[in-house]
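Note sheet for the following structure.
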Amino acid sequence: MKFWLLLGLLLLHEALEDVAGQHSPKNKRPKEQGENRIKPTNKKAKPKIPKVKDRDSTDSTAKSQSIMMQAMGNGRFQRPAATVSLLAGQTLELRCKGSKVEWSYPAYLDTFKDSRLTVKQSERYGQLTLVNSTAADTGEFSCWEQLCNGYICRRDEAKTGSTYIFFTEKGELFVPSPSYFDVVYLNPDRQAVVPCRVTAPSAKVTLHREFPAKEIPANGTDIVYDMKRGFVYLQPHSDHQGVVYCKAEAGGKSQISVKYQLLYVEVPSGPPSTTILASSNKVRGGDDISVLCTVLGEPDVEVEFRWLFPGQKDERPVTIQDTWRLIHRGLGHTTRISQSVIIVEDFETIDAGYYICTAQNLRGQTTVATTVEFS
């Protein structure tokens with residue numbers, strides 16, 4: 001009996017040990033709070049570098065890529081460089097990719113509606129063709145695609161192209177000027193340009209004063225030379241005024257440009273500075289009266305006048321005259337005086353009241369008024 005009791009206890013003990021062994025592996029201690037549960041390893045892991053898609057770099061390149069192509073002959077096209085030299089007489093053909101392309105080219109071609117220039121638009125590209133080119137055609141040619149939403153269009157800055165083209169012509173180192181003498185106004189608040197542009201990028205160009213005769217250095221501080229614009233006065237002042245000309249040298253030949261009169265402007269930029277004055281503010285019946293509106297401004301800024309007067313609603317006949325002239329006010333300072341005068345003959349009671357003058361330029365407008373009474 002004791003034997004069977006001992007045997008049963010022994011079997012029960014072994015069964016309990018087997019169950020405990022399944023839940024508590026040997027040599028494993030309980031983890032403390034905060035202990036890292038990731039098994040340490042001596043292997044060095046290589047950091048993973050995220051792959052950059054090639055498409056991204058391709059897209060950024062495409063965005064800045066010019067849409068302009070130049071015809072090279074035999075059906076070949078290539079993207080033009082920033083500057084291109086052609087011989088006068090050659091045909092220029094440019095194409096810009098896009099279904100709605102706009103163009104910009106030297107104003108000389110647009111001013112005279114030159115028949116040598118044609119611009120066409122096809123389904124996939126715009127085309128500009130210039131035949132029988134001359135030195136006067138030298139300048140910037142650019143294009144851009146239009147983005148339109150209904151009737152509202154804007155320039156797509158990601159799809160543009162431009163090139164500056166020199167048309168070299170024998171005996172013409174300078175881009176021809178329509179006159180033999182030109183005026184350049186020196187404004188203290190903006191750059192001034194003496195437009196000595198050349199037809200060959202290799203030409204050496206210098207600036208000269210007529211009297212006293214001397215070369216004016218383009219030192220990069222006050223004056224710089226830009227072959228696409230000419231001599232640029234960065235900060236014009238009264239000492240720069242006078243008559244100047246340019247001299248170009250290339251291929252053992254030299255040429256003198258037209259002369260330029262540099263005039264210093266003393267009137268600051270802004271809306272018109274306007275005054276109004278009546279010949280008399282009290283007028284008897286049957287007399288004549290005039291009201292003068294005067295503007296002092298920059299020499300190269302045009303002014304437009306508009307009048308409101310008492311007899312206007314009754315269609316009272318009046319005479320209006322607009323004039324302008326340049327005046328020199330000491331130390332070479334130059335001002336443009338623009339005037340408008342309204343003349344009323346045989347003054348009547350309907351002519352009494354306010355005479356209102358509005359003067360307008362590109363920078364704004366000014367309105368002034370005066371009263372005229374019947375006496």
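Heads up, the Cβ atoms here are built off N, Cα and C, so glycines get one too.
Residues or ranges marked as compositional bias 'Basic residues' in Swiss-Prot: 40-50.
The C-beta environment of Cys96 (disulfide bond), restricted to residues of the same chain at least 6 apart in sequence and closer than 8 Å, consists of Ile67, Met68, Met69, Trp103, Tyr125, Gly126, Leu128, Cys143, Trp144, Glu145, Gly161. Taken from Swiss-Prot, the feature disulfide bond covers Cys96-Cys143 (among others), and the record attributes it to sequence analysis.
Long-range C-beta contacts of Cys357 (disulfide bond), restricted to its own chain and to partners at least six residues apart, with a cutoff below 8 Å, comprise Thr274, Ile276, Val291, Cys293, Phe305, Arg306, Trp307, Ser340, Thr367, Val368, Ala369. In this structure, Cys357 (disulfide bond) is part of a beta strand by DSSP. According to Swiss-Prot, the feature disulfide bond maps to Cys293-Cys357 (among others), an assignment based on sequence analysis.
The domain 'Ig-like C2-type 1' feature in Swiss-Prot is assigned to 47-159.
Feature annotation from Swiss-Prot assigns domain 'Ig-like C2-type 2' to 272-375.
Per Swiss-Prot, the feature N-linked glycosylation site maps to Asn219. For Asn219 (N-linked glycosylation site), the number of other Cβ atoms no farther than 10 Å from its own Cβ, over all displayed protein chains, is 8. Reduced to three states, the DSSP call for Asn219 (N-linked glycosylation site) is coil.
Annotation source Swiss-Prot lists region 'Disordered' at 20-63.
What Swiss-Prot records for 1-21 is signal peptide.
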Least surrounded among the disulfide-bonded residues, given as Cys143, Cys293, when other CB atoms within 10 Å are counted: Cys143
The domain 'Ig-like C2-type 1' (47-159): DSSP-derived helix, strand, coil residue counts: 19 helix, 54 strand, 40 coil
Residues of the domain 'Ig-like C2-type 2' (272-375) by DSSP state, where helix covers H, G and I: 6 helix, 64 strand, 34 coil
